[in-house]
Amino acid sequence: MKLGNPFVFRPGPVSFWTTIVYLAIIIPLIYVQETVPPAPSEKELPQGVNLTEAWLDLEVITRSYHPFNSHSNDIVREYLMRRSRDILERNGIDYTTDLTGGVPWESRYLSSAEHPVQAAEVSARPRGATLFDDRISNVTMTNPQPNNTMGRYFEGNNFYVYIHGSEDPEGDWWTSDNVQRVARNGAGVLVNCHFDSVSTGYGATDDGMACISLLQLLSHFTSEGHQPKNGIVLLFNNAEEDGLFGAQAFGYSPLVQFCNTFVNLEGAGAGGRAMLFRTTDLEAAEAYSKSPHPFGSVVASNAFERGVIKSGTDYSVFVDNYGQRGLDIAFYSPRSRYHTEEDDARHTSVDSIWHMLSAALATTESLARTTSTQFNGPRSDGRKDLVQSGRPTAGVWFDWYGSSWSAFALRGLFAWTLTLLITTPLVLFVVTYLLVRDDKWYFFATKVDSTVGDGEETVSFGGWKGFVRFPFALVVATALTIGSVFLLAKVNPLIIYSSGYSVWAMMISLFYFVSWLLLRGAHFVRPSALQRGFTLIWLFIITWVLSVFAAVAEDRMNMGAVYPLAFLHTFAFAAVLISLLEQYALPAKQDFARQVSGENEEEEEQEQENLLGDGGNDANEQNNEDRGDTDIAATPTETTPLRAGEEGHGSSEQTTTFANTYRRPVPETRVETRSGNNRKRSFPPYENEQAWSGRLPTWTWFIQLLLLVPLYVTVLGNLALVQTTSIGKTGTDGSSLLAPLMGVGILAILLLLPLTPFIHRVSHHVPLFLFLVFIGTLIYNLTAFPFSDNNRFKFYFKQVVDLDKGSNVVTLNGLEEFVRPVISSIPTPAGQRIHCDEDPFLSNLRNCQYDASLLPPDVADGEELESLISIEASKSKNGKTILVSLDALNTRVCYLDTSFPIFGFSVHGGAKRDDRFGSFPPEGLQQIQLWRRDWEKGWNVTLHLGGHVLPMNEDSVEATEVDEVDDDPSGGELKRGAAKELIVTARCAWSDANSANTIPAFHEVKQFMPRWAIVAKKTVGLVEITKKIKVA
């Protein structure tokens, strides 16, 4: 039995290969997305790395919640310091402990390019380390936020280990009187983690795995034979979760200018793979390429830069405030466990630890080997108030199936795009010109007059058939797909939270089926061999137009995220070129016309001979032959008119693409139906397509498929899955409910675009199956409950006790539709009327409140609530400043709110305000956050009233407590000398929920909330207690 050609452009092979190619790409992408590469055996690990030890460390530090404002935080800090000492001693490292901190850096930083290091200053330095225990540094700053600028005072307690590099300066150079000149060599690498968790999570992924990774880096780089060339600083910072405070306090370290590069390890999910969230430049991305399992792309970096992703990490402090260059490696999935009690060791794995650790190890090792000039020198922005980290190169980077890494300059992508914009139309124009010159340009060819013998005959080529099919089908399929997005967003927008793949299946199946229905239907009505070529031409035009905008984005906006378009543009051009070159297999149009006309003449002569020889033949047969000049064929088809002798609708030569019936010109039809010509039998057209199309090659489509699909779909498909995983569960955080669904809809269209040139050849089995998939997923997506035990609805808790009003209110913040069922499951609010107000910062969320007077917090070992906060205030004699003394039991965090703006503040014993972290707003501010490292020491805060002046007395007046004070109705608009009182509200926060008796209202919520819901903290404190005073 003779087997057919498996690559012929027929329904069977096309259905098989298009399905196989897409599945061969998508299935591995999903596998990479859903799995983590296994960790190597202990024997295969780098020297000094022990994953068993790392796992035990993780279990120890995640035994309890350990936010900055908890005693467990101190225990975790002490444990990590003790483990660092143990590792150094085990590796035989002579280390010292340094208490240096609070170094006020000058505003001008030096670089080795401006002040070259003398050869005598640097010599080979032996192995060694210094452990910095910083309990000195504090920072005073303002934190500009839209409509809510606040002052901040923070006392840090970071610790960090400086691993001496072989080319670092000798001795304790950071104690030098001229430390800037010594540190200017600036080749040190900062590796950062934060050891605090949120008050509602155990912090396994955020950020425990990062910190135990730093311990393993310490063990590796202090092992024999692994001393780095450049020094490495392993920073364990505190209070990142509450405002990036630890990284800001590191700004007062004597080593901050020594570190020109950094590796920040973070967690915004709970396990899975650690992704390269963002990086500052190409050089840093190339350092990451040494990772055994790289994962990430420049798209995330561009999204952060444009504010599409608003999550903040210590990366922003190192880059924006210090001017360092480096990268952010972070866990990102599943976000439903982020900042909840499910961020624990049970929901992660050793494999995830290894994925982050291996990336950090490879990147740090690469950065520590760089020369002092690669990341050191004058900045491209010319700023002298930041670390002189050299001139970065904008880049593009992405991974291939989590196994390999591509990184190249953004200028290279721009050159690629520009080359495509200029050369591809020229090449296609030249090829088209050559085809026209050789009379082989069949696209848009209508008819050719041919003279054979004594007569002249017109031969039709059907060169416009199929021209408008693709844009029409694309518009309709896109409109229906986007319409389904809005339908889901209206009815059940959070279904993507737990059933992302169901949403993907719905969008892909809908676009596929509608595209096939329209394109296959058009081909059935008016078969055309040019449909594939026309679709490819449209694809090329679309990508060329989009590339114009991409070039502008690359050149003017430094956006590398458009790199998938360059792939599609390149391959669309190559596919169109193949379709044009295929026409060289056809005869010249005039030759074909003469051939057809000659055959027609021979046929007529043969018919006449037959008539003369058989004059008594049936009259109907004679009549049918006479009608051969006008009818399509003697045999009725689905396009034959119902009434004999009547032309079908749309039978003229100027028929539309989607005509219901049609008639072919005589010569074309005769060639298709004539059975007596051996040459035509050798090249039969497919399914009544144009007669000349039989000579076209039937295998070139497969090359076009392999050009268009594999690389482009791999690159875009990876981004599509990451997009769904990253933002699919952000709706409960207050983000847009439409954006994740719209992302899936648009990306589904873009992923299937390369299939459209071939889809009209797909047999009905595949699209009908996908139609059933669409019906099933549509019903499921519209009706299914969006949350489950593994994908729990996240809501936010806060309890406020107002000592002046005597109120105790619990606020549950979230999407009201689901918060109300949560409240109904809790005993305390039973019977209460629950009122929900709009969140002032996140319009999608609501604050639903209920009275919790029956569950007062016990945050200070039985102390009465009224005695927890002590506050006193006095004004200066001239009425221009206020001194506030504030203390609270068993907490490190308090806030001061003022009834009208103040125009300056200072904390006794604190540093002056640091302009690196924000300027003071000209309109003043009305809130100050106060953080301390100790549990007993109070705050003495001086408030500068600026233009507001309180009544002037000879002696300072002490403030009096009030039961209840209304806010200043004037909004703080006081004039100098106005007799107006200042109302100061102290709000102190408690965050330690490790004991159920401490915050019983919180534990009641945890105990009785539905299985499909999970609670997280709303603000820094799970409990806030407020107390007001007035200064008259």
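Note: Cβ is positioned from N, Cα and C throughout, glycine not excepted.
Predicted, not measured: the structure shown is a model, and the values here were computed from it.
According to Swiss-Prot, the feature Zn(2+) 1 binding site maps to His194, Asp206, Glu266, an assignment based on similarity to another entry. Residues or ranges marked as Zn(2+) 2 binding site in Swiss-Prot (evidence: similarity to another entry): Asp206, Glu241, His339. Per Swiss-Prot, compositional bias 'Acidic residues' is recorded for 599-608. Per Swiss-Prot, compositional bias 'Polar residues' is recorded for 651-660. Feature annotation from Swiss-Prot assigns N-linked glycosylation site to Asn50, Asn138, Asn147, Asn940. The region 'Disordered' annotation in Swiss-Prot covers 595-688. Residues or ranges marked as topological domain 'Cytoplasmic' in Swiss-Prot (evidence: similarity to another entry): 1-11, 437-469, 515-532, 582-701, 760-766. As annotated by Swiss-Prot, transmembrane segment applies to 12-32, 416-436, 470-490, 494-514, 533-553, 561-581, 702-722, 739-759, 767-787.
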Next item on the list: Would you kindly list the residues that approach the transmembrane segment (702-722) from elsewhere in its chain, counting only those six or more residues past its ends and only Cβ-Cβ distances under 8 Å?
Entry: 7, 13, 17-18, 21-22, 25-26, 29-30, 32-33, 275, 297, 299-300, 332, 398-401, 532, 536, 563-564, 567-568, 571-572, 574-575, 578-579, 743-744, 747-748, 750-751, 754-755, 757-758
Checklist line | C-alpha spacing of Asn138 (N-linked glycosylation site) relative to His339 (Zn(2+) 2 binding site), in angstrom | finding: 27
Check: If you measure His194 (Zn(2+) 1 binding site) to Asn50 (N-linked glycosylation site) at Cα, how many Å is it?
Finding: 21
Checklist line | Pairwise Cα distance for Glu266 (Zn(2+) 1 binding site)/Glu241 (Zn(2+) 2 binding site) [Å, integer] | finding: 11
Check: Tell me, by DSSP, whether His339 (Zn(2+) 2 binding site) is helix, strand or coil?
Finding: coil
Item checked: Other C-beta atoms that fall within 10 angstroms of the C-beta of Asn940 (N-linked glycosylation site) -> 16
Margin query: Using a 10 Å cut-off on Cβ-Cβ distances across all protein chains shown, tell me which of the binding-site residues (His194, His339) has the largest neighbour count.
Written below: His194
Next item on the list: Consider the recorded positions Asn138, Asp206, Glu241, Asn940 and say which one has the Cα lying nearest the Cα of Asn50 (N-linked glycosylation site).
Entry: Asp206
Check: Hey, what's the Cβ neighbour count for Glu266 (Zn(2+) 1 binding site) at 10 Å?
Finding: 27
Check: Could you count the residues of the topological domain 'Cytoplasmic' (515-532) that DSSP puts in helix, in strand and in coil?
Finding: 13 helix, 0 strand, 5 coil
Next item on the list: Check the Cα-Cα distances from Asp206 (Zn(2+) 1 binding site) to the recorded positions Asn138, Glu241, Asn940 and tell me which is shortest.
Entry: Glu241
Notebook entry, point to check: Any idea what the Cα distance is from Glu241 (Zn(2+) 2 binding site) over to Asn138 (N-linked glycosylation site), rounded to a whole Å?
Noted result: 17
Check: Would the transmembrane segment (470-490) and the transmembrane segment (739-759) count as touching if the test is at least 3 Cβ pairs under 8 Å, pairs 6 or more apart?
Finding: yes
Next item on the list: Select the range from 416-436, 739-759, 767-787 that forms the most Cβ-Cβ pairs under 8 Å with the transmembrane segment (494-514).
Entry: 767-787
Checklist line | DSSP state at His194 (Zn(2+) 1 binding site), helix/strand/coil | finding: strand
Margin query: Cβ under 8 Å, sequence separation of at least 6 from the ends of the transmembrane segment (416-436): give me the contacting residues as numbers and ranges.
Written below: 540, 544, 547-548, 550-551, 554, 565-566, 569-570, 573, 576-577, 580-581, 583-584
Notebook entry, point to check: Would you say which of the glycosylation sites Asn50, Asn138 has the most Cβ atoms within 10 Å of its own Cβ?
Noted result: Asn138
